[in-house]
Amino acid sequence: EVQKHSVHTLVFRSLKRTHDMFVADNAKPIPLDEESHKVKMAVKLRTEYGSVLHMPTLKENLREKGGPNTGDPYGHKQYSGNQGQDLEYLITGTHPYPPGPGVALTADTKVQRMPSESAAQSLAVALPASQSRLDANRTAAGVGDIYRHAGISERSQPPGMSVAMVEAGGNKNSALMAKKAPTMPKPQWHPPWKLYRVISGHLGWVRCIAVEPGNQWFVTGSADRTIKIWDLASGKLKLSLTGHISTVRGVIVSARSPYLFSCGEDKQVKCWDLEYNKVIRHYHGHLSAVYGLDLHPTIDVLVTCSRDSTARIWDVRTKASVHTLSGHTNAVATVKCQAAEPQIITGSHDTTIRLWDLVAGKTRVTLTNHKKSVRAVVLHPRHYTFASGSPDNIKQWKFPDGNFIQNLSGHNAIINTLAVNSDGVLVSGADNGTMHLWDWRTGYNFQRVHAAVQPGSLDSESGIFACVFDQSESRLLTAEADKTIKVYKEDDTATEETHPVSWKPEIIKRKRF
């Protein structure tokens with residue numbers, strides 16, 4: 001009797017059979033067919049170099065090859081503009097070099113390289129007047145144009161078709177070379193990180209965390225409406241600050257003054273004087289919960305972002321709202337500042353990232369590549385680049401225009417936070433409690449961590465809301481939904497032999513957008 005299977009089972013069996021059938025040939029190059037390769041090369045020659053095939057051959061090439069009628073492997077007939085004449089066609093304007101090793105460089109033996117762009121333009125200027133008129137509407141003469149006009153009789157070719165000549169190193173045959181498949185560069189080895197301390201004390205979700213510039217203590221904000229200051233070395237509680245009437249969503253310590261700034265779901269932005277442990281300033285203006293804040297590194301400016309779809313720039317001393325950055329169409333989840341342009345970067349639940357002009361208070365660039373909410377943005381401390389985190393992907397970008405670099409795929413969860421250190425370790429923390437560690441340069445995911453929740457908590461209370469490296473970048477602190485702060489450090493005992501990089505060079509299947 002034939003056993004009945006579900007369609008699901010049958011489909012997966014079929015997939016497995018197909019996989020087994022082709023797995024042996026995976027990534028193997030297809031054997032080269034000589035005839036089709038010849039045809040391909042002939043077509044390439046005609047399309048890319050058709051306009052220069054009629055040109056006379058260099059004297060030096062004739063000497064080496066033994067005459068003009070040397071056999072052409074691709075069956076092209078030799079074109080000669082003026083047969084019977086002794087022609088020498090050279091383009092001047094670059095450094096001469098002898099035609100072969102051991103040949104003295106004299107006026108008779110010197111050969112010119114491919115022309116530089118400046119030499120090409122000078123040659124274009126020397127064209128006849130009628131030709132100059134024809135070229136008047138072109139911005140600059142390309143090298144292909146020089147080659148085309150320098151021939152005796154110009155062959156007809158479709159308008160707008162340019163000759164693919166490569167200037168670098170005078171390599172004319174680069175288009176005919178077989179292209180090498182792109183491979184991911186080998187990632188730098190990073191030691192794995194291990195949990196070595198769990199700090200408890202908050203009575204609600206720990207939503208935000210920041211380390212002070214002197215690296216002596218750190219501060220956390222929580223859903224229990226308190227801000228707590230902890231000793232970094234021992235993990236002991238030093239101080240609790242009360243004043244917010246709802247969840248504290250952002251904290252940051254100033255490097256320029258003894259101030260701590262905090263914001264929360266009560267729409268309030270507060271400035272605390274840490275010499276008196278009191279609120280000395282309020283920044284009023286947001287119409288809804290304030291989700292994040294950052295300080296400008298070189299001027300006394302505070303930037304906050306809110307559920308009211310705006311980010312606001314405040315003068316720290318006068319409490320004045322300098323600009324309201326409007327343009328997002330949903331809650332702004334994260335904001336970052338830097339000294340270089342663009343000075344402000346925001347990520348929003350409308351799936352976009354905006355780079356702002358601080359002086360004008362206007363958007364410079366809007367990045368629309370993400371498909372889902374952007375809850376986290378982090379700037380690299382050394383490179384002029386940044387990363388953004390969303391449930392669809394982590395993406396890396398280049399300043400100042402937000403050019404896309406690469407995707408870091410694999411952390412399939414709601415990414416709440418990103419942190420990166422100078423060694424190029426990028427950390428992404430997610431709503432489901434998972435933490436992935438990546439090599440910044442290659443996007444290789446070298447470690448995945450899912451720490452157990454505090455005893456007495458539900459498994460569903462496994463979530464990472466914020467993470468940050470301390471100032472020495474030797475410790476990583478995470479703020480979590482089980483009301484704890486977890487502290488990680490690099491495993492000193494690990495070596496590249498004990499924890500090798502399980503990396504394959506052929507894994508370059510990166511979605512571009």
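Cβ atoms are placed via backbone N, Cα and C, with glycine included.
Taken from TrEMBL as is:
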- 199-240: repeat 'WD' (REPEAT)
- 241-282: repeat 'WD' (REPEAT)
- 283-324: repeat 'WD' (REPEAT)
- 325-366: repeat 'WD' (REPEAT)
- 408-448: repeat 'WD' (REPEAT)
* Structure fact -> Per DSSP, the repeat 'WD' (325-366) contains 0 helix, 23 strand, 19 coil
* Helix, strand and coil counts within the repeat 'WD' (283-324) (DSSP) -> 0 helix, 22 strand, 20 coil
* Structure fact -> Taking DSSP H, G, I as helix and E, B as strand, the repeat 'WD' (199-240) contains 0 helix, 24 strand, 18 coil
* Asked: By DSSP, how many residues in the repeat 'WD' (408-448) are helix, how many strand, and how many coil?
  -> 0 helix, 23 strand, 18 coil
* Local confidence of the repeat 'WD' (325-366) - pLDDT mean -> 96
